[in-house]
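Notes follow the structure.
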Amino acid sequence: MRRFGDIVAVDGVDLAVQEGEIFGFLGPNGAGKSTTVRMLTTLLRPTGGRAVVAGFDVATHPAEVRKRIGVALQDAAIDPLMTGNELLDLQAVLYGIDRSRARLRAGELLERVGLTAAAHRRVGTYSGGMRRRLDLALALMHEPVVLFLDEPTTGLDPMSRLTLWEEVRYLNKELGTTVLLTTQYLEEADQLADRIAIIDNGRIVREGIPRELKAQVGAPTLLVAVPDEQRERAREVLVAFGDIRPTAEGTLGVGLRDGAEGIAMVVRSLDQAGIRLHRMELNEPSLDDVFAEATGHSLEGARSRLLEPAAGAPPTKGRRRRGGRK
Amino acid sequence: MTVALARQPIHEDLHQSAVRQTLALARRSVLGRLRQPAALAPSFVFPLFFAALSASSYSRVKNAPGFPKVDSFLQFGLAAAVMQGAFFGATSAAADLAVDIEQGFWERLMTSPVHRTSIVIGRLMSSLVVGALQATVFMGFLAALGVRVRSGPIGIVSIVVSASLVSLAMSTLMSTFAIKTGSPEVVQGMFPLVFVLMFLSSTFMPRELMHGWFRHVVDVNPISYLAEGMRGFVIERELSGWRFFEAIAIPSIGCVLALLLCLRALRRRLAQM
């Protein structure tokens with residue numbers, strides 16, 4: 001728990017991250033992600049409760065924790081007047097790595113993050129993506145057991161984001177580094193995390209494997225586009241396969257009770273009813289649906305907008321459809 | 001909350017050394033200052049400009065009764081230039097520390113196993129180095145204009161050491177505010193106050209020419225003794241213990257006192273985390 005005066009920023013965060021996994025910590029701005037990470041990385045003392053990182057209590061043994069963690073915080077606060085090489089040298093000294101080992105390690109890391117050619121340049125000349133990659137290299141200099149990445153791709157272009165994702169996967173799969181990743185991007189959590197926790201207003205509201213969490217939300221939505229004059233007839237057919245869900249104008253949506261396996265049956269029934277099918281699309285529940293189901297509001301896009309189920313909305317509260325997402 | 005157990009006993013062969021850490025951070029702070037020529041230049045240019053202006057405006061003051069015997073007003077003004085440069089440099093060093101806090105580099109350091117005092121002392125080392133550099137440049141420049149340091153090489157070295165200590169003491173004191181506020185603007189905003197304190201001292205004029213309340217203020221202002229000690233090396237042939245006390249011991253004591261204040265501010269900041 002962490003209080004700032006009367007404000008409780010984090011409360012009731014009870015979770016265990018297993019060795020060797022990528023754990024995604026997902027939530028909107030101000031949900032308590034960064035405060036939690038700051039406590040786990042010894043930057044903030046918890047005002048209540050207990051947190052253990054790499055076997056050490058963050059409040060009673062912060063120095064031991066610091067030796068074992070790598071941290072890349074938001075905004076990659078890197079001295080723009082230093083070169084990549086100089087910062088890696090500095091990092092090595094701060095962690096007590098001897099000179100020869102530090103030189104080898106720096107060379108490996110620079111190559112790994114694709115900054116060998118830029119290593120002699122001042123960081124002030126780096127792009128945002130290059131800074132994040134250097135930040136990652138700095139966090140890995142001492143081969144940490146646990147790596148904390150606080151919104152590592154915020155503000156990055158899609159290419160830089162993909163590069164960073166690849167690097168995180170490599171660290172986890174090849175080197176066995178445990179990664180705790182905070183993000184407000186659903187796709188990032190979906191792509192990278194073995195397990196996720198959703199935090200909202202300082203509390204964990206869901207925790208588990210993304211696939212399972214999505215499955216718990218409910219059936220996938222089948223979007224069907226039919227001619228306007230046949231829409232009512234199509235609705236009568238579709239209602240036999242599940243609940244009718246609100247959709248964008250011009251389409252009908254049905255929550256398939258039997259999942260994707262029910263599609264063939266839907267197609268046959270629509271055909272038998274003489275309905276011309278223009279287009280179909282199956283949308284699996286997304287993490288945003290999980291988030292919406294847990295909190296009553298959406299994480300992506302209109303973050304602050306409460307969802308108002310349209311007429312004929314499904315029984316699941318706060319659902320919002322996201323076309324084309326996994 | 002629990003986050004992963006150690007997969008193996010790690011980094012048993014790592015040996016953090018406070019001295020190595022301080023030196024590495026000092027290197028960073030010195031490089032940082034030298035790599036900002038636009039920010040560094042005023043601390044070299046303005047004191048020399050001010051010295052030249054004073055020398056042309058007050059050239060005949062040196063003949064006033066009570067004024068020390070000097071070759072030129074420029075010779076008298078050398079210590080003032082060194083003091084100004086030291087105070088300029090001190091402000092920048094403290095502001096750099098505040099920038100670290102404001103922009104997040106401080107947090108990067110805080111998540112590492114670095115000794116906390118190394119962070120502050122390493123940052124302040126640039127004021128020591130730049131203070132020495134400024135004193136050397138000023139003496140070299142004014143020597144080219146015919147200004148002699150009468151006490152010879154020992155006096156020259158003493159001025160350099162004194163300038164470094166003055167700069168370090170002032171930057172340490174100002175770093176207390178940098179640590180408290182984390183605001184470079186607050187630190188930069190303190191410079192005019194420092195400049196006023198210099199004017200309320202005998203930095204620019206000898207005490208013998210001052211009277212009344214102003215003289216009383218100058219008498220109790222420690223900056224007067226720093227300036228007079230440094231100036232003593234310039235305009236006096238004989239080296240006296242009192243001048244060493246003024247120019248070396250007083251700023252050394254200032255460094256210790258300022259460091260105690262600074263570390264207190266650091267402890268408080270860490271306790272608030």
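Even glycines carry a Cβ here, placed using N, Cα and C.
What TrEMBL records for B:38-269 is domain 'ABC transmembrane type-2'.
According to TrEMBL, the feature transmembrane segment maps to B:37-56 (among others). Tertiary neighbourhood of the transmembrane segment (B:37-56): same-chain residues 72-74, 77-78, 80-82, 84-85, 88-89, 92, 130, 134, 137-138, 141-142, 204, selected by CB-CB distance under 8 Å and a gap of 6+ residues from either end.
The annotation transmembrane segment is assigned in TrEMBL to B:76-99 (among others).
Outside the transmembrane segment (B:120-147), and at least 6 residues removed from its termini, the chain residues within Cβ reach (under 8 Å) are 21-26, 28-30, 32-33, 40, 43-44, 47-48, 51, 71-72, 74-75, 78, 81-82, 85-86, 88-90, 92-94, 96-97, 100, 156, 159-168, 170-172, 175, 179, 234, 259, 262-263, 266. Taken from TrEMBL, the feature transmembrane segment covers B:120-147 (among others).
The transmembrane segment annotation in TrEMBL covers B:153-174 (among others).
Under the heading transmembrane segment, TrEMBL lists B:186-205 (among others).
Taken from TrEMBL, the feature transmembrane segment applies to B:247-266 (among others).
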Intrachain residues whose Cβ lies under 8 Å of the transmembrane segment (B:153-174), provided they are six or more past its termini: 79, 82-83, 85-87, 89-91, 93-95, 124, 127-132, 134-136, 139, 187, 190, 194, 226, 229-230, 233-234, 239, 243-244, 247-248, 251-252, 254-255, 258-259, 261-262
